[in-house]
Amino acid sequence: METLNESIRNSSLLCVEAFHNFHCTYNDVSEAERAILIAIIIPAIAITIFGNLLTVVSILYFRQLQTRTNVLTLFLAVADLLVGLLIMPFSAMRSVYNCWFYGWTFCKIHSWFDYTLCTLSVLLLSCISFDRYVAISDPLRYHQRITNRTCALMLLFCWLCLPFYGLVFMLEWNLVGLEEELAQICPDDCPVLLNLPFAMANTIFGCVVPMILMTLAYGRIYQLARQQARKITSTAMGSNVDSARSSLRREHSATITMGIIVGVFISLWMPYFVVSTTESIFGYQASSLAWEFINWFTYINSTVNPILFAAFNRPFRNAFYLILSGRIFSSSYRGVDLFNVQHGSKVNQGAKRCVSTLIGKESDR
C-alpha cells in the first residue's frame, strides 16, 4: 500500500525545479516582492525573540512581577519565544520561496511544534482569564483558590497538547482520507492539511470553547470591576479611599492588559480557524499564498504580546526600561516598586528612547 509520503513523491502536478533539485509549486513572486517579504519578516522575527526574551527576564528578575498570574504569563512568553526561534524562521523560508528545503520528516516535526505552541498559547490565555476572574470576583480568597498547586495543575493541563499533537502529526493522522489532495502536492512542499475530524476537534477545543470562556470571563470581570469601583467610592473614607483605589487599580491594570491581549489574540487567530474549518468541509481551494498569509497572522500574535505588555501595563513597561537602560547591572533593583520608577537620569535617556520607539508614546495609566 502506498504511504502518504510516497503519494506526495508521486505527485502528478507539474512542479518547478526551484533550487538545487528541489521540486516545488510554481511561485510567481518577483525578486522585488521577495525582497519586500524578507524586509518585513526578518524584523518581525527579531521583535518576537527580543520582546518575549525581555518579558521572560523581567518576570525572573523583578520580585514584584513574580506573582501567580505572571507564572502563567512567563510560560506564555516562553511559548511565544519558541515560536520566534523554532517556527517563524522555517516558515519564513517557506513563505518567501514557496518551497520546503528540510525534508518530509522535519515538515511533520515543524507542524507538530507549530500547533503545540500555538494551542499552548490559547490554553494559557484561558488559564490567565480564570486567574483574573478569581482575583476580581473573589479577592479575599484568591490566595486560597489560586495556589501553587493550582498553577502547576493548569500548566500540566496546558502542556498535554505536546504529546497529543506529536501523535497526530508524526503518525500522520491529520492526513488520513486526504490522499487525493496529497497527490496534487509537489515533492518539496510542506502542506498544512487537516482532515475533517481533526480540523473540527482542533477548532472546537483549541478555539471555540477557550474563546467563549475567555469572552464570558472578561465580560463578567468588567461588570464586577465597575461595581467594585462604585462601592469603594461610596463606602470608603479619607486615606482608605486612596489605599483601596490603589489596590484595585493594580488588579485592574493586570486584568485590562490581559483582556487586551485576549482581544488581539482572537482577532489574529479567528481567520485561521475559520478558513481551516471551511477548507476541511468544502475542500482545499485556498492558494498556498493565502494559507501562508493566514499562518503569519497567527505568528504575529507572538510578536505583539510583549509590545502590549509594555504599552498597557506600567510595571512591565518600567521593567523593560530598567533592563534596557542597564540600571539592573549597576545596583539591585529586584525589589523596586515598578509602579514608581524615575526615568529622569541622563544616562538612561537612550534606553528611554529605545522603549518609546518600540512601544510608541503611551501615557502611564
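These residue numbers are counts, starting from 1, taken along the chain as shown.
For all residues, glycine too, the Cβ spot is worked out from N, Cα and C.
The disulfide bond annotation in Swiss-Prot covers Cys24-Cys186 (among others), and the record cites similarity to another entry as its basis. Packing around Cys24 (disulfide bond) is summarised by its Cβ count: 23 other Cβ atoms lie within 10 angstroms of its Cβ, all protein chains included.
All protein chains included, Cys107 (disulfide bond) registers 21 other Cβ atoms within 10 Å of its own Cβ. Cys107 (disulfide bond) falls within a helical segment according to DSSP. Positions annotated as disulfide bond by Swiss-Prot: Cys107-Cys186 (among others).
As annotated by Swiss-Prot, region 'Extracellular Loop 2 (ECL2)' applies to 175-187, with the evidence given as similarity to another entry.
Here Swiss-Prot flags 1-35 (among others) as topological domain 'Extracellular'.
What Swiss-Prot lists as topological domain 'Cytoplasmic' is 57-70 (among others), and the listing cites a curator's inference. For the topological domain 'Cytoplasmic' (57-70), the number of residues in each DSSP class (helix H, G, I; strand E, B; coil) is 11 helix, 0 strand, 3 coil.
According to Swiss-Prot, the feature topological domain 'Extracellular' maps to 92-108 (among others), an assignment based on a curator's inference. In the predicted model, the topological domain 'Extracellular' (92-108) has a mean pLDDT of 91.
Using a Cβ-Cβ cut-off under 8 Å and counting only residues 6 or more beyond its ends in the same chain, the topological domain 'Cytoplasmic' (130-150) has close neighbours at 68-69, 72, 213, 217-218, 220-221, 224-225, 228, 251-252, 254-255, 258-259. Summarising the annotation, Swiss-Prot assigns topological domain 'Cytoplasmic' to 130-150 (among others).
Mapped onto DSSP classes, the topological domain 'Extracellular' (172-195) shows 7 helix, 0 strand, 17 coil. The annotation topological domain 'Extracellular' is assigned in Swiss-Prot to 172-195 (among others) on the grounds of a curator's inference.
Marked as topological domain 'Cytoplasmic' by Swiss-Prot on the basis of a curator's inference: 217-254 (among others).
Positions annotated as topological domain 'Extracellular' by Swiss-Prot, on the basis of a curator's inference: 276-288 (among others).
Positions annotated as topological domain 'Cytoplasmic' by Swiss-Prot, on the basis of a curator's inference: 310-365 (among others).
Remote same-chain partners of the transmembrane segment (36-56), defined as residues 6 or more beyond its termini with a Cβ less than 8 Å from a stretch Cβ, comprise 29, 73-74, 77-78, 80-81, 83-85, 88-89, 92, 95-96, 296, 299-300, 302-303, 305-307, 309, 316, 320, 323-324, 358. If you look up Swiss-Prot, you'll see 36-56 (among others) marked as transmembrane segment.
What Swiss-Prot lists as transmembrane segment is 71-91 (among others), and the listing cites sequence analysis.
Per Swiss-Prot, the feature transmembrane segment maps to 109-129 (among others); the stated evidence is sequence analysis.
The transmembrane segment annotation in Swiss-Prot covers 151-171 (among others) and is backed by sequence analysis. Counting only same-chain residues 6+ beyond the ends of the transmembrane segment (151-171), those with a CB under 8 A from a CB of the stretch are 68, 71-72, 75, 108-109, 111-112, 115-116, 119-120, 123-124, 127, 130, 198.
What Swiss-Prot records for 196-216 (among others) is transmembrane segment, and it gives sequence analysis as the kind of evidence.
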Counts by DSSP class (helix H/G/I, strand E/B, coil) across the topological domain 'Extracellular' (276-288): 8 helix, 0 strand, 5 coil
Outside the transmembrane segment (109-129), six or more residues from its ends: residues with CB under 8 Å to it: 69, 72-73, 75-76, 79-80, 82-83, 86-87, 90-91, 102, 154-155, 157-159, 161-162, 165-166, 168-170, 190, 192, 202, 206-207, 210-211, 213-214, 217-218, 258, 261-262, 265, 269, 298, 301-302
Remote residues contacting the topological domain 'Extracellular' (276-288) - C-beta distance under 8 A, at least 6 residues beyond either end: 25, 98, 181, 189, 193-196, 199-200, 202-203
Cβ contacts the transmembrane segment (289-309)/the transmembrane segment (71-91), at least three under 8 Å, sequence gap 6 or more: yes
